Amino acid sequence: MIMTTPLADAMSQLVIYDSLTGRKQSFKPLVEGKVGMYVCGMTVYDYCHIGHARVMVGFDMAVRWLAQLGYDVNYVRNITDIDDKIIARAAENGEEIGALTQRFITAMHEDATALGCQSPNAEPRATDYIDEMQQMIETLVSNDYAYAGDNGDVYYAVDSFADYGKLSKRNLDDMQAGSRVEVENDKRNPFDFVLWKAAKPDEPQWVSSWGQGRPGWHIECSAMSTKCLGNTFDIHGGGHDLQFPHHENEIAQSEAATGCEYARNWMHVGFINVDGEKMSKSLGNFFTIRDVMAKYLPETVRFFLLSSHYRSQVNFSDSALDEAHNSLSRLYQALKVVEQQKGQTLIVDDALINNAYASAPGQDFIKAMNDDFNSSTAISVLFGLARDINKASKVEDIESAWQLAQQLKALAQTLNILQQPVQQFLQAVIGEAAEDGLTDEAIDSLIIERADAKTNKNFARADEIRIQLKDAGIELEDSRAGTTWRRA
């Protein structure tokens, strides 16, 4: 007998916004039941910043949902370990390039793990694919899509590719008419881009048909993606800032070299602004993932990033992170009350997950995630469950509250939130605050817990929190509008 699950029909209902066509379209993989996904990864010369975190978490969320639907996902995310910035940073530090890149690769993996991201199935490094890059360049040159300059560089001739600009919706003639780009002596067109760079003193270099040199950035991804996933694959992703010129150039190179469509779907993660401004070191608003996680719990950061649709522009600020923390705490508090009433710890298994997706909230969750991975709407489903849990707990309908809590935790598993033991999460908030005195974030979290305790008639716990805050010099003032606080 064939077993069916609530997600059996959902696989065929997934729609993804394709940056190339500019519209949502039904997802139909090249091979039934399998997905090949390539995401442009990091150039490893520094610690990852909060923008990188959004790309990591956004595609981790997408991969998890595809897997939840039943797809066998081959997720490939590259590492650029040879680049002008890497060379410059190594020289500045007086550090070997290999040591520098490995140090930041290790740091990147630590950051991704802290944010709850799964490792990709493959993580190709550019320096391991030099042969494949050279082969692709040779094909482009032999087919008149590329040419060698007198200086030893090899360039891609953008005029040779009729569809150049189709991803970014740019017309080459218009670009040239409005261009102020100074034409390099060896370039035939100011928008021609380098495929192979002639060797410079004290830089890494490899033997090639055009002399000693190293690859350009764009050819790296074309060679690695097609080697790992084939000439055509299902999804290509990255940050919105890569759409032009990087992804545009990848299409031009790959489709000219193979004669095949490059990627079936293009996904781009939106920008992160900081306090309403573009993040940049010159503005002093540049934050690494480690900067942020020194102040906020990693799960809070993940929750913040998932609370907006992956394509939307997000404003990063302390107030936004505080709000995310308080919202996440409310979900954990709902679970805590139920566990206390039931006298058991919630444990999610496959049966519970199937039951959760069969429920009305589960169907709403599926609908949200199948609508271009809309994690924001999916999270609103979780809050609806939390409200129902609190209502049931308040009237001591313990069995209903327990069933709803099982649904909440099971659905949240797909987003990899709410999976810590409840007390571990709440103690982490209080523990961090205790190191330097209670932070505003920790105070707000305790006030939320106190309010929930009062709602559920756990007055002993409510008094404990009031006393704890009083001992820390925090005075509370209760009113019909809620609780406010001030430092004594």
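Glycine is treated like the rest: Cβ placed from N, Cα and C.
Here is what Swiss-Prot records for this protein:
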- Cys40, Cys221, His246, Glu250: Zn(2+) binding site (BINDING)
- 42-52: motif ''HIGH' region' (MOTIF)
- 278-282: motif ''KMSKS' region' (MOTIF)
- Lys281: ATP binding site (BINDING)
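Within 8 Å of the centroid defined by the CB atoms of Cys40, Cys221, His246, Glu250, the record's Zn(2+) site, lie the Cβ atoms of Trp217, His218, Glu220, Ser222, Ser225, His236, Gly238, Leu242, His247, Asn249, excluding the listed residues themselves.
When DSSP labels each residue, the motif ''HIGH' region' (42-52) comes out as 3 helix, 2 strand, 6 coil, counted as helix, strand and coil in that order.
The Cβ of Cys40 has fewer other Cβ atoms within 10 Å than any other of the binding-site residues Cys40, Cys221. Other Cβ atoms within 10 Å of the Cβ of Glu250 (Zn(2+) binding site), summed over all protein chains shown, number 27. On its own chain, His246 (Zn(2+) binding site) has Cys40, Trp217, His218, Cys221, Gly238 as residues at least 6 apart in sequence with a Cβ closer than 8 Å to its own Cβ.
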